[in-house]
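**Q** My structure is below; once you've seen it, I'll send some questions.
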């Protein structure tokens, strides 16, 4: 079915709490492709409490357990190899001093992810689907391309990270390109588990997160970082002049464009009656709890990684050279072997991070493609297409850079820049949509939350803008390259301004019509 641009006026004229059920039925009929079919969803209505449509059922531990899952899949993006590299470099270069920033950046990430979950639950549609309805054809095609570019950049980092872990655990016998192919195959095997139910796949991710937690906690115990310095790092804000780049990297890695799309789709894996206000509010309450718990776990794991490398390498010559490729070797040289060599413990944790993040990346790619393009394809075919987008360039990268640690680290910097550039193209549409009454109904965000969310968005975009400017000033030389860069920057900024102005203008028009209707 060919999608149409939404005309706000008739939607606002029809919109009221009494007509919300009819509006949701209309949206359901318009979308041909859904994130989850009814038969795939987890049933959560298990209580015998009698409630009307506006009543929120009382808290239930059993129900919290049934809602637990999407938040932990979302949290994988906070633990992918790119984030782990940011953690280890922050610890090696800045010691414990950036832990407070890691904590606040995680909190900012939580707020954004809760907004993505709110959008998915309240509308019954995920972000990519709603972008297809909200924006004109040219704009939504640009948004789709940017989302795919961000996903490919993240996927290359994740697959390379997993391949590095396989190389470590095989004592170097498995080259990087072979590790890439193994990781690609593993991703399909893991996604095959979804055929046996969403909960089976979520259980697999729980095992992988547990593996990361145990591995990095063991490293924390073996290296014995300073508890006093850890607490000071969490409670006392400070940024050393030589650690500005690491500070920017910590904040920049927290907001992952593909993760916003992913979380808005994952929350639809539960059977929530979106026509009943009480049921929607109940789902939002449970998702808020489980997402907060999931990101708390990811924060603890990130702290373990940062403090291990702070203890081992802060103030040493190695601090300027350490990266994801050689981190295991440096750990082995610094802390030795023993019954359980720290090199292999690091490799196990890195492998769990790489494998889990590549699967969620494939998952996100399916939702992004199906949502923007409204493609009705079998899941295995969508997975094959989205996986191929990343695996082909990753194999090329692995063959080119297998023997060069410096080149891989430089590539990682380029990929970080690539993903940073895509953040506005997920963040601005999200904030635009969750602020609209004709999209969210009574669940649109209030003024205070809107202000907080936009402040976070601008902070993240400004920080990433600094990263982009700093990177290009240091890496690019020559008149022709400068001319191309300036032209691309003008086009890029123009589109970002278009998204912001459109969001403000649309919000003001909605407010004006709502006042007229009242």
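Easy rule for this one: first residue shown is 1, then count along the chain.
Note: Cβ is positioned from N, Cα and C throughout, glycine not excepted.
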**Q** Examine the ranges 174-192, 231-249, 250-268 and name the one recorded by TrEMBL as transmembrane segment.
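**A** Checking TrEMBL against the ranges 174-192, 231-249, 250-268, the transmembrane segment one is 174-192.
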**Q** Looking at 69-92, 93-116, which one does TrEMBL call transmembrane segment?
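**A** Here TrEMBL associates transmembrane segment with the stretch 93-116.
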**Q** What stretch in 293-314, 335-354, 421-439 has the biggest tally of Cβ pairs under 8 Å against the transmembrane segment (137-154)?
**A** 421-439
**Q** Do any residues of this chain, six or more beyond the ends of the transmembrane segment (384-401), have a C-beta under 8 angstroms from a C-beta of it, and if so which?
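**A** Distant Cβ neighbours of the transmembrane segment (384-401) are 148, 151-152, 155-156, 159-160, 163, 175-177, 179-181, 184, 187-188, 361-362, 365-366, 368-369, 377, 407-408, 411.
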**Q** Under an 8 Å Cβ to Cβ limit, what residues of the same chain, 6 or more beyond the ends of the transmembrane segment (93-116), are close to it?
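**A** Residues 71, 74, 78, 87, 127, 225-226, 229-230, 232-240, 242-243, 246-247, 250-251, 254-255, 259-261, 263-264, 287-288, 291-292, 295, 298-299, 302-303, 306-307, 310, 314-315, 319-320, 427, 430-431, 434, 445, 452-453, 456-457, 459-460.
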